[in-house]
């Protein structure tokens, strides 16, 4: 039995390491691309960078801590709590970054002429800061008191003669399922996901209305702008879909654990759900590379210039090489010629 457990843990650790090896370089590449390409330096991409930072932290911090929890060493209760909380913080920061991206896309199609004045770099930075502050408060709530300390003390009362309260460090031993379901899932995961679904549906609806409008022969074509917006909205909606697909199974298992204590959940399902949550951090760079041309072009340039050490005659990326893109260079106004775009849609 000990050999089986050891082999199983070895397989678990191997998969986690592989996820980290894909997630960390991929998301560092995203951050690098935004820093290198001036055309990617606007509000939308600042939120994408915030999401990438959270995904890098998943690979460098959460996955190693998850391996520790899987091994289950004995440690003091609050030390174990500190090991378990980072995943809660980073999950919430990812959700709020996705929500900020959705709101940003909505504003781009709802008020295209006033967008630059409404979504300024300072406001975008303030929004990112707020997202991380809220994430810290939500993720650290178990440390503030909503945890299993009293429950563990009751179950180990007979052996609690020692000063430090030492337990086997596992997620379920320190994190309350009431917190995970009622507070984390029902308040800070599910409502934002539903709100983002509504926002993207409205974004698609607004874009469709504009694309259905007839274009006069003597004016510029706004369909080009909205066609690009539709493409990027689909790509970012795909990122949202993958996030929901990755995280909902684990939250569903948490609900089963809370509402049906007698139900036996196969361990393999729990591990698959955990792999999905960690694997989500590796998915976004792949989506950007395949669906967003500016990212793809910048990734290739970084690869050739810094990895393959090929000579590059240009210090900055030329917009003509980047292809069509729904976002303009920082500081420019979207090319939307129709004055009737100011009217309510």
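Numbering starts at 1 and runs along the chain as it is shown here.
Note that Cβ sites are derived from N, Cα and C of the backbone, with glycine treated the same way.
Keep in mind that TrEMBL annotations are predicted by a computer and have not been checked by a curator.
As a whole-number mean, the pLDDT of the domain 'G-protein coupled receptors family 1 profile' (26-288) in this prediction is 90. According to TrEMBL, the feature domain 'G-protein coupled receptors family 1 profile' maps to 26-288.
TrEMBL lists 12-33 (among others) with the feature transmembrane segment.
Panel annotation: around the transmembrane segment (45-69), residues 12-13, 16-17, 19-21, 23-24, 26-28, 30-31, 34, 80, 83-84, 86-87, 90, 93-94, 97-98, 100-101, 104, 121, 124-125, 127-128, 131-132, 169-171, 274, 278, 280-282, 284-285, 288, 327 of the same chain, lying at least six beyond its termini, place a Cβ under 8 Å from a Cβ of the stretch. According to TrEMBL, the transmembrane segment annotation covers 45-69 (among others).
Look at TrEMBL and you will find 81-103 (among others) tagged as transmembrane segment. For the transmembrane segment (81-103), the list of distant contacts is 44, 47-48, 50-51, 54-55, 57-58, 61-62, 65-66, 68-69, 75, 127-128, 131-132, 134-136, 138-140, 142-143, 147, 169, 171, 174-175, 184, 188-189, 192-193, 195-196, 199-200, 203, 236, 239-240, 243, 247, 277: same-chain residues at least six beyond its ends, Cβ to Cβ under 8 Å.
Per TrEMBL, transmembrane segment is recorded for 124-144 (among others).
Per TrEMBL, transmembrane segment is recorded for 185-207 (among others).
Using a Cβ-Cβ cut-off under 8 Å and counting only residues 6 or more beyond its ends in the same chain, the transmembrane segment (232-248) has close neighbours at 91, 94-95, 98, 101-102, 105, 109, 189, 193, 196-197, 200, 203-204, 207, 276-277, 279-280, 283-284, 287-288, 291-292, 325-327. The transmembrane segment annotation in TrEMBL covers 232-248 (among others).
Among the features that TrEMBL reports, transmembrane segment is placed at 268-290 (among others). Long-range contacts of the transmembrane segment (268-290) within the same chain: residues 12, 15-16, 19-20, 22-23, 26-27, 29-30, 48, 51-52, 54-56, 58-59, 62-63, 66, 87, 91, 235, 238-239, 242-243, 245-247, 249-250, 253, 296, 299, each at least 6 residues beyond the stretch ends and with a Cβ under 8 Å from a Cβ of the stretch.
Remote same-chain partners of the transmembrane segment (185-207), defined as residues 6 or more beyond its termini with a Cβ less than 8 Å from a stretch Cβ, comprise 91-92, 95-96, 98-99, 102-103, 105-106, 109-110, 138, 226, 229-230, 233, 236-237, 240, 244, 247, 251, 254-255, 345. Within the chain, the transmembrane segment (124-144) has long-range Cβ neighbours (under 8 A, six or more residues past its boundaries) at 43, 46-47, 50, 78, 81-82, 84-93, 96-97, 100, 174-176, 179, 183-184, 188.
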